[in-house]
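A quick write-up on the structure given underneath.
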């Protein structure tokens, strides 16, 4: 994937997504990678209390660990896009799994908070980034019609792993301390290498098989059966390759496509995601410490993240199924806006929760809304830019979101240190998320929908490039079939017309014979029939 065709020196044409088959294995790998990428920065917050005691730092200092992980996950997006376009998804993911594991293992031997930033933050975050982005790209290449459902199922990996890693982290903390917990977590991250190994790229296998079948069929129709047919097949293959070399000159693939900024939908999406990320990750990162400060035992405080994860498990696939409905999919941007508004209002309404029951209720509604956002965010981006430009689009979006990640949680931690009050943090985070929802909905309606209504319907032409990349792939695959079917229709229609003419001529000749008694009518009819047969063969050969 992302490499040039060695035989023709050009980029392979897009292959139609299979929507199944090996794609389900790719989906499973993407499920695991998404789980580690999103759940790991939140699950690490279980160790923050012990880190504060050992290194004598505050909330904001420990919050930087999760923020750096997320910032590396987002900020290295363009670098990851370039590597994927140059080397392919599988090698990048294997390297990423090794980096993520080594970062947590080295973090278990650190002696100050700065070393933790460099190991658990930078190194592990970079490794997860090199796994997360290629897995989404591979998912988009294997699924098209079932893509909303596939995105929802893959996004469910985050809550599943969050509900498992948070209690596991608490158990490891109690038995082995934070150093032993980091060491074991590093071993778990080696599973990312296994997930990268199953990311088999879609090659030109399908298209080449269809071309060979079509060439054999054409040769059999054109030439008699026997030794000449093989010669015709080889000649056809040689001529076809020569035509391809002449028509398609050598060209290279862009490592990072900045032309997507000319897409208004992409710009609107990027701005709304920047505002969203400012407040989206703040509540789950600070939730455990907030519960501990209100007097909740450590085990029950860690269980709050498991509640969010458990609800999130069912919310993401369900939302993906809803987004895949025929009457919902064209308006998926508005569904995404509703999900963000729901999440922001949940933060605002739950800001005054001061007991364990109130926090549990908050976790239930936050899990539903957070799951909806997670299931839809990349589906909306794929719908805007298409699968061919998705690798560059997601890299640029994640880079812009990295700035918001570096601003949001650390700023919230500083406000907690200064005000000793979590209520303001929840109000602020909820307002930012709700603002992003309103901006996306209003901008989509005012800038995009009105523009579509005013613009005249585009004329359909073979050279028009307004369709998505998936539609182009389908048209490329179906083009030989349509061409051959049209030629068959032309040959059959011409043959039918000639047959009718022959019958009429025979009928006239028979009448003349009966009237005049001549004996040459049958011979004339046979001559006409032979001429018609020869004409049919000529028409069929010319049609191919």
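Heads up, the Cβ atoms here are built off N, Cα and C, so glycines get one too.
Those TrEMBL annotations? Automatic predictions, nothing curated.
What TrEMBL lists as transmembrane segment is 21-40, 63-84, 116-137, 149-169, 181-202, 255-282, 302-325, 332-353, 359-378, 390-412, 424-448. Taken from TrEMBL, the feature domain 'Major facilitator superfamily (MFS) profile' applies to 23-448. The feature region 'Disordered' is assigned by TrEMBL to 228-248, 452-523. Taken from TrEMBL, the feature compositional bias 'Acidic residues' covers 469-479.
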Count, for each of 63-84, 149-169, 302-325, 332-353, the Cβ pairs lying under 8 Å from the transmembrane segment (116-137), and report the range with the highest count.
63-84
Which residues, given as numbers and ranges, are at least 6 beyond the ends of the transmembrane segment (359-378) yet have a Cβ under 8 Å from it?
38, 136, 151-152, 155-156, 158-159, 273, 276, 280, 283-284, 287, 290-291, 294, 296, 304-305, 307-317, 319-320, 323, 332, 335-336, 338-340, 342-343, 346-347, 350, 353, 394
If you count Cβ pairs under 8 Å, which stretch among 63-84, 149-169, 302-325, 332-353, 390-412 touches the transmembrane segment (21-40) the most?
149-169
Against the transmembrane segment (390-412), which of these stretches has the most C-beta pairs under 8 Å: 63-84, 149-169, 302-325, 332-353?
63-84
